[in-house]
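The following features are taken from TrEMBL:
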type	residues	note
COILED	169-196	coiled coil
DOMAIN	29-81	domain 'RING-type'
DOMAIN	125-161	domain 'B box-type'
Amino acid sequence: MAAVGPRTGPGAGAEALALAVELQGEATCSICLELFREPVSVECGHSFCRACIARCWERPGAGATAASHKLPCPLPCPQCREPARPGQLRPNRQLAAVATLLRRFSLPAGAQGERGPPEAVAAGCAQHREPLKLYCQDDGRAICVVCDRAREHRAHAVLPLDEAVQEAKELLESRLKVLKKDLEDYEAFRSTEEKESKELLRASLVAQWLRVRLPMQRNRVRAPVWEDPTCRGAAGPVGHGR
């Protein structure tokens, strides 16, 4: 059997599962109550699955249809009801990464759908009433020691639950560091791009001003001397002399 017994105290599995539930809460769409799939953020900061918010805004009374999503009309955020523009949905890559990792290390059946407190989720195996201390990598779920001895898990790779959660946490932290660096690089690029855009705009405005101003200056220089009010008194007698 490929089973590995728990290496820590009896409460370690419950603590690890509670941590996994907490992480899952951050990566759960409030519309479908499932882990995010292609999460997007609206202007107020709340995030939803792209398909979920599209369906929500298409419902009668939402103030828009799929066709009107192309228009800049504000629609209510499904969570806080703040105005949001469909054209301003931003992909949330951090939440997408968290959801992907949590799918790899999925919680036991019932934990994802019930959204109960960690104590309820960690109560034990629904089949054997034993604590969930192990994690079956083949099935992607937490199991108890009795499940581990069952035929269906006999040839499976099994880890202590807290060890599996710690592995997922480390992988998540590593991925988030990369995402954070990518985000910082993007923000720096956008800042530089905005600065360059402002410089280009300033140069364009100066060029437009010169295009208008220079002809006026040339016309003023070319104007006959007698058109200058300061020279009219001197120019008059000369003309009479002729």
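Note that Cβ sites are derived from N, Cα and C of the backbone, with glycine treated the same way.
Cβ atoms under 8 Å from those of the coiled coil (169-196) belong to residues 19, 23, 93-94, 97-98, 101 of the same chain, restricted to positions at least 6 beyond its ends. For the domain 'B box-type' (125-161), the model gives a mean pLDDT of 84.
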